[in-house]
Ligand SMILES: Nc1ncnc2c1ncn2[C@@H]1O[C@H](COP(=O)(O)OP(=O)(O)OP(=O)(O)O)[C@@H](O)[C@H]1O
């Protein structure tokens, strides 16, 4: 622990002044808002939102977290820009170009800096000031071991106790991370890194950094996609604390914005079939098969008169419109217009030939119920839910739609009788992505973004990747993941196939190899699982020592519950946030028994991480972290997993300090004894069988273009000059966005 820094009180005075300026700016902005609000409600609401974000970000502290000196000039770096009364910058925002040198400099590679100082603040009081680089040490890289490259500021930050919510790391971003954060936008950046290497924090900081520095991106939108509600809850505080308002966050399962929600589970094999890219072709073909006309002419009655449209002419309309590859509903509009035009022509010809007056125009013809029935027959209207449930529930249609694309067994897995109503359909997660694909075929009006950050991407199915690709038509993605942590049905050896489904051609693969979370002895034990996968997978290098080697406790046949409770009590007494990580099958029992032991555990399934103890199901632990983890009955956990060594590797790498394994059943391989040497393992055959090459582009499945979103600046343009000026200055103060200068 560092002693009190000689310049602490001087730095405290600076921090005090920065807060005073910020408080004053906020007060002024709030007063101006009050005047403004009554006149322009919608704009005022948007600004209110920005104001709230600003207040929240201030609440997290660390308004000023660093200082650097270059050529004798000092520059303070903070969570956001602060200006003085004369509008001169006092603190540079972390995302501004001027702050770059702060992040690029490290103790071993100081660059032009003669001082890099990092502050830790609590409730506006500086509790620590650490000099990472000082003139005398700058450039001294005589000890290039792993430890020397990491500053005390980083190590102290990593040692801070976890409180169930991910924090931003603006004060201690490392140079290898910063390079990824500001990597070019015009390609897909894939970040591969083991557990705890900072992929999630890097992804979130990149989203904020890009939104701040690229106005066109703010207009087009930035979206962060999280793998689950639990995970989203865990990370949701980071972006607001980074002073960004223009980044949306959503769970993968909520991308589909239609009526259906996933309410049922299904067998992995069925989910896998629904996730293959072949399913996109099945849906496109299924829809095509509902389009057409038979051999009978269309006869419309107009009082005593008849209009006859020959079958042959109707089939020409269908094939012409089909050839245009429009969205199904747009095509239907065209079919309807062409059919009414043709029917009107036939009516005119027939009436003229019979010497009778023309009785109807096109609009009248379109109102005839026989006409609407005919359009429905040749080009039926569907919602995505109607299409998918009728396809699943109609054996003959399924047979035709899947012929040559799926095996009979795969087809049989898709069949399910229709529920009584759409609202009662047992939709599953995999169904949601089939519905999303169907929606794109039907209307192509998906909301799109300029950039997507996708976390835990190793588990994506091709159909999920396609849903993401539709939302990011320019292919500007940040893909975060770890191939070693795949726990679903999509095992992959590399990222190529997935990036193809995401529709990107230019890909930049970045690797993170430093482990910031898991203590080295814990990582060492967890890494015994890697050879068991049969893959050549390498764990990260941990920079933490934690509280020593993991403990493995044999609780005996009747002692499991008592042992777990005792261990949890010890960890909580030591002040550690503790997860009890259990097999899914016994989750409810463990929640109940820890409740009855008066431990007041949070329910990890609901993202309830505020309690000191949280029960977490193994299927929902990915991406999370706690000070201490008590891993219960690993053999059971392995037995219910698709890829046992990978599931154990994920579960064992959730702690920042301490891992205890408690078991009554015999331990699984790798925990009981050293793992066998790398060889073809149990997952190996699966990898080859399951990685699915991207199919050639199917012309029926094109992706939509970008729709720019209106933003605050556009709203301003619609106001009168005086209001616009007032508002511009407000936005400048509140959002600090679109900064023309380097600060
Ligand atoms: N530069 C940094 N400064 C401080 N803390 C950091 C830094 N980088 C990473 N961390 C911390 O390390 C921990 C792990 O980071 P993160 O969750 O982003 O890793 P991950 O690679 O996404 O892990 P997983 O693969 O398990 O999802 C977090 O607590 C994060 O705040």
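Every residue, even glycine, has its Cβ placed from backbone N, Cα and C.
According to TrEMBL, the feature region 'Disordered' maps to residues 666-717, out of the candidate ranges 614-665, 666-717. Applying an 8 A CB threshold to same-chain residues 6+ apart, the list for residue 197 (ATP binding site) reads 482, 512, 513, 514, 515, 516, 540.
Long-range C-beta contacts of residue 195 (ATP binding site), restricted to its own chain and to partners at least six residues apart, with a cutoff below 8 Å, comprise 482, 485, 515, 517, 518, 523, 526, 539, 540, 649, 650, 653, 654.
Secondary structure at residue 200 (ATP binding site), taken from DSSP and collapsed to helix, strand or coil, is helix.
Close to the recorded ATP site, the chain also has 482, 512, 515, 516, 517, 540: residues not among 193, 194, 195, 196, 197, 198, 199, 200 whose Cβ is within 8 Å of the site's Cβ mean position. Cβ neighbour count for residue 196 (ATP binding site) (all protein chains, 10 Å cutoff from its Cβ): 28. Taking the Cβ of residue 200 (ATP binding site) as reference, residues of its chain lying under 8 Å away and at least six apart in sequence are, in sequence order, 166, 235, 455, 480, 623.
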